[in-house]
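Since the structure comes first, as structure tokens, the remarks are kept for the end.
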Amino acid sequence: MSAIESVLHERRQFAPPAAVEKAAAISGMAAYRALAEEAERDYEGFWARLARETLEWRKPFGKALDETNAPFYKWFDDGELNASYNCLDRHVAAGLGERIAVIFEADDGTVARVTYADLLARVSRFANALKKRGIGRGDRVVIYIPMSVEGIVAMQACARIGATHSVVFGGFSSKSLHERIVDVGATALVTADEQMRGGKTLPLKSIADEALAMGGCDAVKTVVVYRRTGGNVDWHAGRDVWMHEIVANESDACEPEWVGAEHPLFILYTSGSTGKPKGVQHSTAGYLLWVAQTMKWTFDWKPDDVFWCTADIGWVTGHSYITYGPLAVGATQVVFEGVPTYPNAGRFWKMIGDHKVSVFYTAPTAIRSLIKAAEADEHVHPKSYDLSSLRIIGTVGEPINPEAWIWYHKNVGQERCPIVDTWWQTETGGHMITPLPGATPTVPGSCTLPLPGIMAAVVDETGQDVPNGQGGILVVKRPWPAMARTIWGDPERFKKSYFPDELGGRLYLAGDGTVRDKETGYFTIMGRIDDVLNVSGHRLGTMEIESALVSHELVAEAAVVGRPDDTTGEAVVAFVVLKRSRPEGEEAAALAKTLRDWVGKEIGPIAKPKDIRFGDNLPKTRSGKIMRRLLRSLAKGEAITQDTSTLENPAILEQLAEVR
């Protein structure tokens, strides 16, 4: 099979700001290279040093890495620790009990502050309450809860008693929740009466009741309900209990359950190509080490920072950079219940000013939607807010188009904040390829270089390295501590999905088409391998075509998919959102031609979309991710048969289906 072609060439480069570089933990490229070389010289010794420096161990480990049952690797296997202790107790013991752990802002703007001492007490009370209901080490607890302090408390309490949590995003349907409860074999469920988002309520408890009524959930003996709104709920006596009632008389102290380094901390479900969700299982020590270390490296965390990751705890970003990473280093962080556009599209920028956020981490999808709003109304433009507290800004979830990167850099970072464009996955646990704010010169659209200790490479379909400048498949050549350990209950699927025989069985397959720059060696993600289009024998990454479209002055957002074509094999279909109102009729046809010509100029005639459809927005999940599988069906003219329960804006499907 021919190589994936990289056809979009970005040459703009931005050096780390002098003030950031001077104060950074990793200052300058020489410091970065020294760490990377240490890892290459003594791989196990490098990771062992970090693990001893970063975590507190009840029982020290001996050997760092056990490769005897590859690809089911073990790290620090004979050591013992507790994740909750490392996130809470050790900071309180160090005299930081009065440091603010969480600044929680509710959907309606109400703000609450929780200290480390408060959070430890709340976690301990809930942990004691769970233990009294027979929940403990080895049990699985499903958490279906809104963005809240209570959500963090529930996760940390599970870790404290050795139970393995599985958080399900609050936007999932009863069917999706049911599948996960059954697959993981949960003995308890933690939920809420209702969820508040954008001024609207979502009845979580009734959705949970529907899921439990579908059968196969007999192991669930306890349903803990957090009272968020006070809305009416059905009640199952003996099974259902109020969170505030069961913790009321519990002790503020709960001895941590000391567990082995490989003890499953959590199982997080991610969608699979076969339709059955994959329960990605993460360890305790290796995972916690890496989310703490990347807080220090990627975000250059300082004790006086106010950190804000806008993700939901239902996704891995919320696990790693809300519930565990920030707390593991003793950070003060903002946790937000709502959405970026309520009550208006200036909400993020107002909150940055209100809470003096210094490190801000959000998704390219959110940035692109806020660009459109800012272009239409200067009152919600970042320039109308005080963003002077910011020093580092980041992106997560998908590659960021170069033009969106430039807007973010100019208008949010005020051309003085480095952007950390982070590449990683649910399965990797934490950041893998990313700029370091005080070391790496950044290039719009590129995640730049792997972190020290991460042996990333670009290979062909046989696992052989490809030359820089030639597109290929992103892999990681050596195991790392935070990697997923297995797919819950399906180790063969784990091997087949991530360590396929076609690549020799020892390379971690990331599933992303990637190219390295000929000169810098920087990595640029070109899109999922599944999203590579074969147009007249040319294999094109969708990301580059989307970036070309978004670079046009009229375009706010674009998503590109393929559909079968008798002439070219596959045709490029683009779904486009403009910075102004959606065009129709002749105006739409003329603008489609303009954009086709634009892509031809930016990339080449081969990449021109055959079909361009304009929408008021794109189909997205409640977490802001574009649902490309739905766009593929629309492009082919097929009926939508997939689960759309997480779709934020169902009406857009009809609009995009009508447009031809």
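Keep in mind that glycine also has a Cβ here, set from the backbone N, Cα and C atoms.
Residues annotated as CoA binding site in Swiss-Prot: Arg197, Gly198, Gly199, Lys200, Thr317, Ser536. Summarising the annotation, Swiss-Prot assigns ATP binding site to Gly397, Glu398, Pro399, Asp421, Thr422, Trp423, Trp424, Gln425, Thr426, Asp512, Arg528, Arg539 and lists sequence analysis as the type of evidence. Feature annotation from Swiss-Prot assigns Mg(2+) binding site to Val550, His552, Val555. Here Swiss-Prot flags Lys625 as N6-acetyllysine, drawing on sequence analysis.
Projection of Swiss-Prot feature records onto the structure.
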| residue | record | DSSP class |
| --- | --- | --- |
| Gly198 | CoA binding site | coil |
| Thr317 | CoA binding site | helix |
| Pro399 | ATP binding site | coil |
| Thr422 | ATP binding site | coil |
| Val550 | Mg(2+) binding site | helix |
| Val555 | Mg(2+) binding site | strand |
| Lys625 | N6-acetyllysine | coil |
Nearest of the recorded positions (Gly397, Trp424, Val555, Lys625) to Lys200 (CoA binding site) - Cα to Cα: Lys625
Assigned element (helix, strand, coil) containing Arg528 (ATP binding site), judged by DSSP: strand
Chain-internal residues near Gly199 (CoA binding site), provided their CB is under 8 angstroms and they sit 6+ positions away: Asp107, Asp108, Tyr342, Pro343
Rounded to the nearest Å - Cα separation of Ser536 (CoA binding site) and Gly397 (ATP binding site): 30
Chain-internal residues near Gly397 (ATP binding site), provided their CB is under 8 angstroms and they sit 6+ positions away: Ala311, Thr317, Ala363, Pro364, Thr365, Gly624, Lys625
Structural state of Ser536 (CoA binding site), classified by DSSP into three states: coil
C-alpha spacing of Val550 (Mg(2+) binding site) relative to Thr426 (ATP binding site), in angstrom: 27
Intrachain C-beta neighbours of Arg528 (ATP binding site), sequence separation six or more, cut-off 8 angstroms: Gly511, Asp512, Gly513
Val550 (Mg(2+) binding site) and Thr422 (ATP binding site), Cα-Cα, nearest whole angstrom: 20
C-alpha spacing of Val555 (Mg(2+) binding site) relative to Gly198 (CoA binding site), in angstrom: 25
The one of Thr317, Thr422, Thr426, Ser536 whose CB sees the fewest other CB atoms within 10 Å, among these binding-site residues: Ser536
Residue from Arg197, Val550, His552, Val555 whose C-alpha is spatially nearest that of Trp424 (ATP binding site), among the binding-site residues: Val550
Binding-site residues: Gly198, Lys200, Trp424, Val555 - member with fewest neighbouring CB atoms within 10 Å: Lys200
Greatest inter-residue Cα distance in Å for the CoA-binding set Arg197, Gly198, Gly199, Lys200, Thr317, Ser536: 48
Distance from Pro399 (ATP binding site) back to Val550 (Mg(2+) binding site), taken between C-alpha atoms, in Å: 13
